[in-house]
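Colleague: A single structure is presented below for examination.
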Amino acid sequence: MPVAVRVIPCLDVKNGRVVKGVNFEGLKDAGDPVELAARYDAEGADELTFLDVSASQDGRGTMLEVVRRTADQVFIPLTVGGGVRSAEDVDQLLRAGADKVSVNTSAIARPELLQELSQRFGAQCVVLSVDARRVPEGGKPQPSGFEVTTHGGTRSAGIDAVEWAQKGEALGVGEILLNSMDGDGTKRGFDLELIEKVRHAVSIPVIASGGAGKPEDFPPAIASGADAVLAASIFHFGEVTISEVKKQVVAAGYEVRS
């Protein structure tokens, strides 16, 4: 039996509020994270992802509080990322009620962190978040044509995005959260070529993110190899509902969780 496709709203949280911009800039307030999380749970979201975009020390304590409050009200799996640098950070988030933790920049600086986390907490708890973009003109060429970026897509990490996903799998992560920085907030559809290339390179689940603008954008991402589809602003501002996305996915011949 095919595994049901997961539909995941993503909430970027800054100082205890949900924010959304294009390519992480021009952030607009999109509401209270716990209220939004409860709404998405009621609307049929399969999971939720919180990304802490404040990632300062003050922001950290606030984020743990948001996770605690959310876990009290919401009973679907919760992934939390942003500023995760150590096993201690992961331990705190899991104790607060997160089910999974996504790791990004800190793993680029120290890849063995992924192995440490996977061995200590289990692969199912560790998500590698890859902020990928097409190599810009004049950039360092990469075999796949896609590079890993840091700092909200503004800096190149100088490594190939597809090879980095493969390395993450080899180091024991359970999923890849693949975010197209070219697509982030643009609503022009997912980067299907990026999804295909990563899908062919890894056997663990791939969550596609970046570019969703309408319900019809989701089935092509699944056809390209995504096991789960993630979006943010179209859900927060009420442009698209989770049930509309699921209807499109079912109409295209895929299974969803009812």
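Every residue gets a Cβ built from N, Cα and C, even glycine.
The following feature annotations were taken from Swiss-Prot:
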type: ACT_SITE; residues: ASP12; note: active site
type: ACT_SITE; residues: ASP131; note: active site
Colleague: Give me the Cα-Cα distance between ASP131 (active site) and ASP12 (active site), rounded to a whole Å.
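Modeller: It is 14 Å, counting Cα to Cα.
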Colleague: Counting Cβ neighbours within 10 Å across all chains shown, tell me which of the active-site residues ASP12, ASP131 comes out on top.
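Modeller: Answer returned by the neighbour count: ASP131.
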